[in-house]
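Working notes, structure below.
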Amino acid sequence: MSTTIIGFPRLGEFRELKFTTEKYFRKEISEEELLAAAKDLRAKHWNIVKEKGITEIPSNDFSHYDNFLDAAFLFNVVPASVQNLDLSDLERYFALGRGYQGEKGDVRALPMKKWFNTNYHYIVPKFEKDTQVKLAGHKIFDEFQEAKELGLNTRPVLVGPFTFLQLSDFEEGVKADDFVDSFVAAYQEVFAKLADLGATRIQLDEAALVKDLTAEEKALFLNLYNKLLADKKGLEVLFQTYFGDVRDVYADLVNLPVDAIGLDFVEGKKTLELVKGGFPADKTLYVGIVNGKNIWRNNYEKSLTVLEQIPAENIVLTSSCSLLHVPFTTANEEFEPALLNHFAFAVEKLDEIRDLDAIRNGQGSEALAANKELFATERVGENAELRARIAGLTDADYTRLPAFAEREAIQEEAFKLPALPTTTIGSFPQTKEVRAKRLAYRKGELSQKEYDAFLAETIDEWIKWQEDIDFDVLVHGEFERNDMVEYFGQNLSGYLFSKNGWVQSYGMRGVKPPIIWGDVTRLNPITVKWSSYAQSRTNKPVKGMLTGPVTILNWSFPREDISIKDSTLQIALAIKDEVLDLEAAGVKIIQIDEAALREKLPLRRSDWYEDYLDWAIPAFRLVHSTVAPDTQIHTHMCYSEFTDIIPAIDNMDADVISFEASRSNLEILDELKAKNFQTEVGPGVYDIHSPRVPNEGEIDNTIEAILAKVPSKKVWINPDCGLKTRGIPETKESLIRLVEAAKAAREKL
């Protein structure tokens, strides 16, 4: 009986880590109190995993901010600007993730990128010319010792050296090969220390191997591991992969002197085929059979069919990836049992892994019978009218006329905006008062009339403030919305909403993805009321703010009984109806956010178009294809790497696109120029995910850099994302500087 998981959620059952850490950020508790609370949380989580009967428990999967950042700190991959800050280790650690602005200095946060095809974001380390890779941290050892004191001999988890190098940035003139020997020495020192502490096995996460690999990348991988595994310091090595299959290196991988290999049998298209072709008898196979990214119950019969085909003798059942990507437990939900029985969050997935192992070993007949019964019953019916509407779509439904160049001229005449028009991405700070009023309204303590009056007053205040500082295109602030997906889902059929289904997105920020239960249609107008109200309060244009269909799908837990393409088209038709209602209400600039467009892009380039972009881009076009030429369509995208899909983004046929660029040093601009990008662009001129306020002249320099790459007539000036999570003082100070910088830049044109 051998079972494990790749990793466990770390925010806590009720987001305890988030709230404690935020108290620390506000200086309400000490560093010692934060560390003590985190220690208690780790003990609680280890105990849950143990009590569920999981036989191998991981450690060091916990993080105060991000596991990739933990590895950077462990191996001294820290910029000199942060190394030199006169701060504690923990303060420097947080400075890397959040930036630091205070009496000890002023440093920007490191860039942040999507973690493969998930909604989790990792902090991107940077190798500089003087970076000295060495063992500098002790977290992995401390947490192993903590668990040992609780009577648990855990398996420490660490990002592998290949993935670390592949996903990091490098200063000009610096390359990954420069650090092979120093990384090998540092990892071997980790091995030795863990062995001395009594560890028997370490898990090295090498998810980068599921992507397309060049000959040079394969050579780097083999060079690293041939050297590293030459001396394992008496420790067994589990080579763990997830998010896909390792077809490019499988033959090499099985011949490396590792002791165990973890493979993904959920998302790995070719994993079963590879293993059936042969797996070494002297190695243990960790079978990722329970989906770590979705919340539906595992179909035991289907999983057992896969397990029966695996020829390996030594098997450990595990999750397909870390359970970080699903909520904590269904125990705190209020769904009817008929609904709840279909869901498995992190704690319930422990049960599933244990059940499958028991069934495989001739036990667990009751669990198998109950699971069969669950899947034998039809879960939900279909909407025949909606299915017919989709079946009737033609190419014309995906094509906006006239073409972009003609629309651009029409809109220039219609809006008469200045050069370098200024705007924001949509949301303004959601203060304690805003959240308290929303909660009171939900509880029935505030009437509809009272709540509407509060929202109107708040919108009025921010519309006037935007006019006072002379923004060109305004937003209403989204004060009525709790979340950019849940708010829409609450007005769509086919959606369910958890009470406590939080999932970590970046740092201490959690999101609560809704669940797509059935067919999706719009129940009523969603945004028209407040967007049209805001427009009535000013003569300047106010953007209508919508979330696009691909993002709504990608930031929800999708159905598994129909394709994500079909689900997305259903959502697209619902949002299309909303776009047309906004236009009819006099809202002439409509932003359709596709923040998560890249999120489900297949990790292998050969699958990009056929499996995703060939339907995701048309789904966006479907939403806006029938608006008038003088209605301007904006879209926005968040932290992702877009440079390799620029033609697809241009093909969305929006009129303006804004995107994150500040943390990544505007690298995307070179690609826009090279690809002759036609859509007008708003590269984010400052990073809103850090509380840091841009220095005097900082935004001016960013605008200057943008104008060196993009014609001024194509450029908009905006922050890189919405301002919902920021405080009012820092928001206003930053936006005043943004408007001033835009005006100064206009003077130079």
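Residue numbers in this text run from 1 along the chain shown.
Yeah, the Cβs are placed from backbone N, Cα and C, and that goes for glycine too.
From the candidate list Glu373, Glu378, Glu382, Glu478, the residue Swiss-Prot records in the L-homocysteine site shared with Ile425, Gly426, Ser427, Asp593 is Glu478. In the record from Swiss-Prot, residues Arg15, Glu16, Leu17, Lys18, Trp555, Glu599 bind 5-methyltetrahydropteroyltri-L-glutamate; the candidate from Lys113, Lys114, Lys126, Lys449 listed for the same site is Lys114. The L-homocysteine site, placed at the center of the C-beta atoms of Ile425, Gly426, Ser427, Glu478, Asp593, has further neighbours from the same chain whose C-beta lies within 8 angstroms: Thr424, Val475, Met484, Met545, Gln591, His636, Gly722, Lys724.
Candidates Ile425, Gly426, Ser427, Cys638, Glu660 (binding-site residues) were compared with Lys114 (5-methyltetrahydropteroyltri-L-glutamate binding site); those inside 10 Å Cα-Cα are Cys638.
Comparing Glu16 (5-methyltetrahydropteroyltri-L-glutamate binding site) with Gly426 (L-homocysteine binding site), their Cα atoms are 29 Å apart once rounded. Within 10 Å of the C-beta of Trp555 (5-methyltetrahydropteroyltri-L-glutamate binding site) we count 24 further C-beta atoms, all protein chains included.
Within 10 Å of its Cβ, the residue among the recorded positions Lys18, His636, His689 with the fewest other Cβ atoms is Lys18. Once the Cα atoms of Ile425, Gly426, Ser427, Glu478, Asp593, the listed binders of L-methionine, are compared pairwise, the greatest separation found is 13 Å. Here is what falls inside 10 Å of the CA of Cys721 (Zn(2+) binding site) among the recorded positions Leu17, Ile425, Gly426, Ser427, Glu478, His689: Ile425, Gly426, Ser427, His689. Long-range neighbours of Gly426 (L-homocysteine binding site) (same chain, six or more residues apart, CB within less than 8 Å of its CB): Val475, Gly477, Glu478, Lys543, Met545, Gln591, Asp593, His636, Gly722.
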